[in-house]
Structure formats: structure tokens, C-alpha cells
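Listed features, source TrEMBL:
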ACT_SITE  A:Lys96  active site, schiff-base intermediate with DXP
BINDING   A:Gly157, A:Ala183, A:Gly184, A:Asn205, A:Thr206  1-deoxy-D-xylulose 5-phosphate binding site
DOMAIN    A:3-248  domain 'Thiazole synthase ThiG'
Number of protein chains: 4
Amino acid sequence: MLKIAHHTFQSKLLLGTGKFPSFEVQKQAVEVSGTEILTFAVRRMNIFEESQPNFLEQLDLTKYKLLPNTAGAKTAEEAVRIAKLAKASGLCDMIKVEVIGCNKSLLPDPVETLKASEMLLAEGFIVLPYTSDDVVLAKRLEQLGVHAIMPGASPIGSGKGLINPLNLQFIIEQSSVPVIVDAGIGSPKDAAYAMELGANGVLLNTAVSGAKDPVKMALAMKLAIEAGHLGYEAGRITEKNYGEASSPTTGMVTS
Amino acid sequence: MLKIAHHTFQSKLLLGTGKFPSFEVQKQAVEVSGTEILTFAVRRMNIFEESQPNFLEQLDLTKYKLLPNTAGAKTAEEAVRIAKLAKASGLCDMIKVEVIGCNKSLLPDPVETLKASEMLLAEGFIVLPYTSDDVVLAKRLEQLGVHAIMPGASPIGSGKGLINPLNLQFIIEQSSVPVIVDAGIGSPKDAAYAMELGANGVLLNTAVSGAKDPVKMALAMKLAIEAGHLGYEAGRITEKNYGEASSPTTGMVTS
Amino acid sequence: MLKIAHHTFQSKLLLGTGKFPSFEVQKQAVEVSGTEILTFAVRRMNIFEESQPNFLEQLDLTKYKLLPNTAGAKTAEEAVRIAKLAKASGLCDMIKVEVIGCNKSLLPDPVETLKASEMLLAEGFIVLPYTSDDVVLAKRLEQLGVHAIMPGASPIGSGKGLINPLNLQFIIEQSSVPVIVDAGIGSPKDAAYAMELGANGVLLNTAVSGAKDPVKMALAMKLAIEAGHLGYEAGRITEKNYGEASSPTTGMVTS
Amino acid sequence: MLKIAHHTFQSKLLLGTGKFPSFEVQKQAVEVSGTEILTFAVRRMNIFEESQPNFLEQLDLTKYKLLPNTAGAKTAEEAVRIAKLAKASGLCDMIKVEVIGCNKSLLPDPVETLKASEMLLAEGFIVLPYTSDDVVLAKRLEQLGVHAIMPGASPIGSGKGLINPLNLQFIIEQSSVPVIVDAGIGSPKDAAYAMELGANGVLLNTAVSGAKDPVKMALAMKLAIEAGHLGYEAGRITEKNYGEASSPTTGMVTS
């Protein structure tokens, strides 16, 4: 169970809603994934433009919590403004803080992320910052009182998976709030890996929406997250350099 | 569906039976894993010693196919002798050829493996050789007529996962018989990865039997294999070095 | 040539002075390494205690610049205090800002590192902050006016080498001040790799002082850094998945 | 010192002669690299066609030993025929056995490589087989009596470096003849890594000839190989997951 502030979720998969080939495919992928949290860029939603098609309209909002993000913000102030827009819609009380500090790598700005998180906490938001895998930065965010930490596995949309599992593990071990690995997941093995390290959830978008068959990939991710979480709980074997027979050497058949 | 010679299986997980903490745990893990193929070292089974406890007796052999292996063999002749012992039990027509050529790394001997496979094919066995990830060796084995190729991901019992995914991918791409990744799997992410590369199955033992909770790990592996297979079919995104936003940049909220 | 503020150096190796088995071994390693910059923890130096042995006394300070670090500091204020102690000795005008934010991983605190760097710049120091590989944090530090950026390759003393070469490459590409890869180097290949990515220098300590033969390792590192730098300048080949013959296929010998 | 049969060499770098942009660049790269062993595909050399330009003519053959290879051979018999052609030139007594078994990956054929090696040993050649990193295959080749083992780091020309350092280490540890890592080296760090594992030499071609500046890369490789070899002899530190300060915590400066 994933618990963020007063919300509880059975699913550990947070699904982004960008770049699906069609609303229909998106809808099916969402359903198949079992997700209970949908994320989207506020700037991209026509929340206030009723004349335009809107994915949110297609959803049964009793089944999903919305996690709008502040993508597009380059400063804390912009992030706060976007967050307030989202809240004003009455659709959500959670906000993913996303303040990008580098247009090339799309990596987050630690200073503005800290500042935006602090401001939004003061405004009473449930705050989930997207952050780099900087271990002490994650601790700082937690000390501010954020409700979950969302470190990136690798650059947004890169599909490179977990480049630095050691840092993610440090973040997970030190955190008393949920850690949701966000960004960079490319395939089911990556989602499983994040969960095996003890993450509380995984946020995905491009890995599903950009797959050849997004609906099938949504199911693959659902299973991978369950597999990884069970693997974490089950306690994996230690790595060794040298082989070790799975069969005892006593009791051998003799000729 | 995994098809080996005339056998067909729904499950893509082949489970080894060594080193479980107890018969009871083993039995539960087997059931939970959904496996339809159980592997075991012939030398370790008291097939012909009725006075001793025997895991096979506990099994409903209408539900599982047995895949005995020739572990302990250092030459083709020994492997053939062990295979014949197994067949004489009347319990199985498949044999996993396992001829270890290095006591330290437990890596297989390519020459004896080729020779044993050839001899066993001539005797009418269904032959599944455990082999290194040598790409041309795998092709050679296939040319002999083996019924599946079982390349190792890393040394037996090491839990190091897929050290050389490139070689595994070459083997999978060139093979017209099933490729079952065998040995070295440490955690669910590894099993998922093998399947994402297009493997037809994964053979596991220590990763499950050596986990703190083998039954839970068996379930994790079952799900990971399904996830990886679905991920393969769904067609993953390409890796990129640079970030790419999942949200289109048009239609932004303007202040 | 490495240029930091008004200092110029032929060597690209910065050598730490901690944990050598003896002053004599340290002295030889320093000489063999060709380094021109020696780093040390101010807290560890008996700069003001003339009665005690002091490595610095053994050095010809016309040959080496000193780069004291603020190890032991947990806040910007402590770092500034330590830096001032170092400057008061009259031995140095550079300071490596090191503010650790996690006792377990020894990873740096981004907030206090930024703050300490800003304070020290205001005091006229030549400031070289040790930082994580957070890409935007590195940019922020550069914007403050620091004289070099020192991202860690992996945790101090871990010897794990470059865990995230992608982030290091982003930092190097965006920087107009020197980037010196610091912490985590384990062996010559790691030092070469950092330089191949385009780093301007490498800071080492444990990899040399903790080697079985520190003097020989010092020479190995010197050569590795030259090799990596030349490799960067020479422009390496692109990686491919598939083999490509180094011999043209025309003009073949015919039978 | 590298010792192959009765030959001894100061340099541990074996340089291939394919695909250089010009004879002049090749000549300079060869000189700068310090190599004493030049490899080339017999099929590509106009050994017997005096009317055509020939790189070998440009060389001072008192300074270099030639290591012709059997590239182009797909069977042991073809390899033997090519080797005899090379020997008939009177220019060399060593032969690199290269029997490719897969046109896509250019990976070697273990069966034909074993057979060719055996045949050439019987003919009195000094035999250096290019092989995969199959550990037991390497042992088999050694048992035949070959004079050096040449495992690939990754596919020829791929520049992917050491994909499976574990297998290379097993091969190095078990071998009583020189191990020369061959194929796949992309940059100096890779050459250093091979030597750090204890390899006796490295064979390179595309990494140098395909670099933007082949002459500079030749020097980089020379230094990297020295660095890696010294690093091996110096005894590197053990990897740890957690940080460890290079400065003792006693004797701290107190306020």
C-alpha cells in the first residue's frame, strides 16, 4: 500500500498522461495499468477551456487521484502559480513540484525545487517534489515536510533506467516519507529494479506512452512493479563473483 | 507459450529444486511460481533408493514435466551416463546437458557440451544444453539439432544477473529454437531483463531457494517473467542520452 | 594545462594527503605523481602546533600549491571558519569547500555548499566546491562565481569509479570553469574515464594512499590522467552494437 | 615485459594496421604507440604482389615483429591455408588465429578456432588464437599448447570496451600463457581496465585508426596500457558501497 499524506493507494504505479497516440489508447493503458494516480502537466491541460477536448473529462474521477505537475516552471514562483491554478480547478490537493534547471537534460533545479516545496507546503498543498538523485537534497526536502520524494532514475524521457542505484538506495534508506522513483524508466526491468531497492512507487510516462503497444506495456509495468516489490520483501540473494552450485555435492550418484 | 520439442508450456519459468530450506517451502514455492518444468540434478535425486525421502515423490507429476540435469559431469561420457540413468526412471524424456569445465566459476565446457549434446541427440533425447553466452557456440549447438539453448546470464549461483546482454541478444536473434536464460539470475529485474531481450524462458534456482522468503520470491519471479515478456512484445522505447519532455510544449498555460 | 583563477598547472592530478602509510611513502608518491596541487583537511593539519610533526613541513612549497579542504564542516559557517583558519596560515589562497550532509555516504550538502561558496567568494577566496553530480547544482555554483567545480564520481573512499558518467558529461559540457572529478576514483581506468569525458582534472586520495604500493599507484594515476586527456583530445570512436571488421573486405587474397 | 614463445617485448600494445586514413598517419601512430608487434590481415596484404603499395614495405622490420591474422577464414582449413601463405613470405613465425563464426557480430567460432589452433601448432607455428571470453574454451586452447590467449572484450570494432570483466579475470587467473585482450577496446579507459585485471597485453586497431586523431590516440593507448599495468601491480583498493573519509577523524582542529 502506498500512503501519501491522507491518501492511500493499492497501486504503486503513478502514470503520466503525456504523448499517448490517442485518448482511446491512453484510456485503455490507464485501466490496464491499475494505476490510481494520474499525473499531467497543468500547462497542457485545458482545465479552464471548456471548448477543447480534455483527457480529464474522459476519466471517472472517483477512481483516480490526480497529481498535476508544474512542468514548464523555471522558478519557484512559476511553480507556485501553476500549482495554484491546478488547485483552483477543485480536482486535486496534491502537486508534483517540477522545476527544470537545464533545457538539454531536463534535470531539476535543486534550489528552486526546495524553495517551491517550502512555499507550497506553507500554502497547505500535499507536495511531491521531483528531484535529482542527490542524497542530501532528498533529506533536505524531507526535512521541509514534503509528503513524498521523487528522485529521477535518469533524464526524463531518456529510458536509460537506473543509472545510480546506489544513490537511490541511500535515499530510500534514509527516508521516512514515501520514495517514488520518477523519470528515466525505460522498460519493465527498470521499474522492477526501483521497487527491489525498496522504493514505494514508480512514476512512468514515456516508457508506456512511447512503447509500440502502450496498453501491453502498461500491463507489463504493473506486473514489474509488483514483481519488484515482492522481490524486495522476499529478500534477494547476495551477489558473488564465483559460482556456487545449487545442488549439494553430497549424495552424488555413483557409478 | 514455451514449446520444447513436442512439449508445450504456459509458464516460461523453469524452476530448480536445489537448496530449499525444506520440502514444504519448496512445494509452496513450486506451486506459487506457476512453473511447469522442474529441474534437478540427477546425482542428487534418490531416484533408485526408495528408502530415502525424495522430493519427486511429493509432486503431482501430471502437473510438472521434469528436466533432470547432468550436474557433476566433467565429460560428455559422464553426462550421457547420467542422462541415461534419468531416462531409465521413466519419469522424463528431456535432459539438461550440464558439463562444468571450471570448478571455481562453474562455467560450462564448450567442447564436452557439444559432444554430449550430439551423443544424446543420437540416443533420442530431448536435449537442452546449458552453455556459456558464446554466440557462435550457441549456433553450433542449434546446428546439431538441440531442442533449446540455455545460455548463462552469469556464473551459477552468483546472482550477478545479465553481465552480457549483448551476447544474449545475439543468441536470441539468431536462434530458431527456444532460448532459455539459465544461471546467474539474482532478482526479479534480471528475469524481466532476460525476457525483454526476447528470451523464451528463464531457469532459476538459487535466486528463489536462497531468498529470505523463497515462496514470495517465487511469485515475484513469476510476475517478473510475465512483465519482461509483455515488455518485449510491447516494444520498448529507445534509449536517449538527453531528456525529452513527456508533455508537448504547445498549448501551454499562459499567464 | 589546468588553470584555476590566476594559478596555472601542468599536472591535472590533484593529490590528497590522507592515510598514507608513512610520511616517506607519501613524499615519494607525491613526487612520482607529478602533482602540483596537494589537498588536505585543515582540521587534520597541525598548522598552528609547531611542536608536532607536520607533513607540510616536509614539502618544498615552491613546488606545490596547497588546496586545504573544509572536511569536518556540517554547515556553511563551519566551513567558512575552517577556511579562514587555513588562510591565516599564509600558505594558501584556494579552498576546497567540503560540507558533508550524510555521515553514512559522506555525500555533500547542496544547500550548505552553495551558501559556503557564496560566503567564501565574498571574502575573496579562490573557491573550489566539492559537490554531488547534480547537474543544475553545478550550474548554480558556477553562476555564483566559483573557480572550479568538483563533482564526485562516487562516494568518498568508495573506489566505485564513475557511477554516472552521463551527469559528469553534462556538467563538463555546460561549464566554463574547470571541472575536476573528485571522490570515488578507485583505479587508473576511472581517472582515465573522467578525463576522456573532458574533465580538466582529477582529485585522488584513497585510491593512491590505500593501494598496496602507493608510489606505483601514484605513477599509474599520473599516466592514466594523461592517457584519458589525450584520448579526449584525440576523439574516440563511436560505440556500436555490431562488429565491424578493421580490415577492408576488398583486395582479399584469393586461392 | 611481454613474452610470447621465444619472443620478448617491452611494449604490451599490439597494434592492428587496418583502416588508417593514410600510410603516413599509420606510420606515425605506429611509432608513437611504442608497439613492437604489428598485426594485419594476410588477405589484405599484397605480400606477393610487388607492383602494389604495401604498408609492410614502409616499415623497418628490425623494429617490429609481425603478427598476421587469418581474418576472412570461416573454417580451420582456410585459416591454416592463410597462415601458411603468411609464413611463406618469410616475414613472421607467429599467427593470430581468427575464424569468424557470425557475420553480424564478427564473433569467433570456438570449434574451428580450436581445430585451427591444433593444426597450426602441429605445423610448428607460434599460435595466438582470437577467442570469445568463454572461460573454459580459453583453458582448452591453453591445453592445446597455444602461445597466448586473445579473448575479445566486445565485438570487433564495436568500441564497447570490457563487457564482461569477470570472465576476462577468470581467464587471466587460470592462464599460464599470456592473455592479450583483443577486440572491442574503444578508448584508453578500456585498455587500462584490461591491464588492471592482469592482462599481459592489449591488441587494438579501430580505436586508434578510427579516432579523429589516430596519432594522439596511439599515444593515449600507450600510456593507458602502462597505467593499467602499473595499477595492477600496485594493488588497487577494494570497492565499498559506503563512503570512507580519507582524513582520520582524530586530531581535529577544535574551535
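The count begins at 1 with the first shown residue.
Here the Cβ of each residue, glycine as well, is placed from N, Cα and C on the backbone.
Given the structure is predicted, the values throughout are model-derived calculations rather than measurements.
Locations of recorded TrEMBL features on the structure.
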| residue | record | Cβ within 10 Å |
| --- | --- | --- |
| A:Lys96 | active site, schiff-base intermediate with DXP | 29 |
| A:Gly157 | 1-deoxy-D-xylulose 5-phosphate binding site | 24 |
| A:Ala183 | 1-deoxy-D-xylulose 5-phosphate binding site | 29 |
| A:Gly184 | 1-deoxy-D-xylulose 5-phosphate binding site | 26 |
| A:Asn205 | 1-deoxy-D-xylulose 5-phosphate binding site | 25 |
| A:Thr206 | 1-deoxy-D-xylulose 5-phosphate binding site | 23 |
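On the backbone, the CA of A:Gly157 (1-deoxy-D-xylulose 5-phosphate binding site) and the CA of A:Lys96 (active site, schiff-base intermediate with DXP) stand 17 Å apart.
Taken over all pairs of the listed 1-deoxy-D-xylulose 5-phosphate-binding residues (A:Gly157, A:Ala183, A:Gly184, A:Asn205, A:Thr206), the Cα spread reaches a maximum of 9 Å, rounded to the nearest whole number.
In the predicted structure, the domain 'Thiazole synthase ThiG' (A:3-248) carries a mean pLDDT of 91.
Distance between Cα atoms for A:Gly184 (1-deoxy-D-xylulose 5-phosphate binding site) and the residue listed as 'active site, schiff-base intermediate with DXP': 16 Å, as a whole number. Looking at A:Asn205 (1-deoxy-D-xylulose 5-phosphate binding site) and the residue listed as 'active site, schiff-base intermediate with DXP', their Cα atoms lie 14 Å from each other. In this structure, A:Asn205 (1-deoxy-D-xylulose 5-phosphate binding site) belongs to neither helix nor strand by DSSP; it is coil. Secondary structure from DSSP puts A:Gly157 (1-deoxy-D-xylulose 5-phosphate binding site) in coil. Annotated pair A:Thr206 (1-deoxy-D-xylulose 5-phosphate binding site) and the residue listed as 'active site, schiff-base intermediate with DXP', C-alpha to C-alpha distance, rounded: 17 Å.
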